[in-house]
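These come from TrEMBL:
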TRANSMEM  B:94-114  transmembrane segment
TRANSMEM  B:120-141  transmembrane segment
TRANSMEM  B:153-174  transmembrane segment
TRANSMEM  B:186-208  transmembrane segment
Amino acid sequence: MKNSQLYKGSLNTIIMKLLEENGKMYGYEITQKVKIITHGELNITEGALYPALHKLEAEGILDVEIAKVDNRMRKYYKLTESGQKETVNRLAELEDFIRNMQSLVNPKSNLEF
Amino acid sequence: MKLTTQQIEYVENYIISKDIKWYELQVELTDHMVTSMEEFWEKDPELTFHQVKYYAEDKFGRNGFKVIEEERTQILRKEFRRAQLKMIAEYFKFPKIILGILLGFLAFKASFYFDEPVKFVAILFGLLAVLIIPAFYSFYINRKINGKRFLELNINHGTFTGIFGLMYWVMYFLNSFKESVQSHPILILALCCLWVVGILFLITGIHLQKKTIENVKRQYQLT
């Protein structure tokens with residue numbers, strides 16, 4: 001992951017946002033989707049992805065669904081009802097964070113508004 | 001290029017050979033490896049099966065599968081503890097707290113009918129051991145569903161070891177401080193309260209175990 005420390009705290013929110021948009025996704029699909037959206041700038045490692053997914057699942061934010069695809073079982077993740085509400089909250093928090101960072105990094109552009 | 005059933009089986013067995021014994025992780029890691037291998041093969045069809053397997057595994061890092069399993073264990077253990085303590089905390093709120101107080105008070109009151117209250121306390125905790133047997137049996141028969149082992153189900157054993165630990169500690173305490181316990185009713189009361197807490201751990205442990213079994217069966221479409 002490029003600048004991994006900067007992205008680390010937002011990984012759960014990124015996953016939740018993707019699941020909100022796509023309904024259900026499997027692990028590999030999430031890594032590829034992030035890579036495509038960020039034009040290869042952000043690369044979620046397997047070692048970071050699965051603990052994040054398992055944590056969200058244990059917290060009841062994500063639910064699991066299993067399906068047979070191409071002669072193998074596939075584990076899909078999807079947002080639970082409480083997970084959908086939590087996604088809205090976390091996205092609002094992330095947007096606030098980005099806005100504050102923008103104010104700190106580039107205060108001039110903020111004054112222009 | 002798609003992997004054949006035999007190749008998928010090979011990958012699955014390879015993951016199992018890495019000491020990944022939990023079905024939910026076997027499914028997830030096999031699918032990830034296979035999908036990744038297929039993509040490597042798509043990009044370069046000249047690569048051999050073992051080369052694409054090596055590249056796919058390399059993305060997990062050194063001991064990657066085991067690290068994921070260990071992290072999952074920590075996450076589930078933490079979440080189980082949190083859920084259990086949350087449920088127990090509910091029993092300390094009105095009106096459920098009345099039940100706990102009543103149980104503790106009745107146990108304390110019953111100790112007056114014994115010449116040696118220490119023996120009564122030992123019987124109380126012995127009763128906890130009797131109550132734990134059906135719960136432990138249920139845990140034992142459900143440790144596998146359709147021959148598949150789930151880490152989520154295995155985490156629950158913490159409740160039983162915790163209760164056995166509590167019983168061992170109380171028996172040790174009773175043996176070491178028999179005289180003090182005999183002459184200080186407040187210690188009997190404290191032990192009765194501890195017994196109630198033990199009962200609460202057992203009830204919540206059984207409830208969470210039942211909930212986890214139902215959840216796993218639903219998610220993995222098992223009967």
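From the backbone N, Cα and C atoms, a Cβ is placed for every residue, glycine too.
Ranking B:120-141, B:153-174, B:186-208 by CB pairs under 8 A with the transmembrane segment (B:94-114) puts B:186-208 at the top. Sequence-distant contacts of the transmembrane segment (B:153-174) (same chain, at least 6 residues past either end, Cβ-Cβ under 8 Å): 22, 73, 76-77, 80-81, 84, 118, 121-122, 125, 128-129, 132, 135-136, 139, 142-143, 145, 181, 191, 194, 198, 201-202, 204-205, 208-209, 212-213, 216. Cβ atoms under 8 Å from those of the transmembrane segment (B:186-208) belong to residues 80, 83-84, 87-88, 91, 100, 103-104, 107-108, 111, 117, 120-121, 124-125, 128, 131-132, 135, 138, 156, 159-160, 162-163, 166-167, 170, 173, 177, 180 of the same chain, restricted to positions at least 6 beyond its ends.
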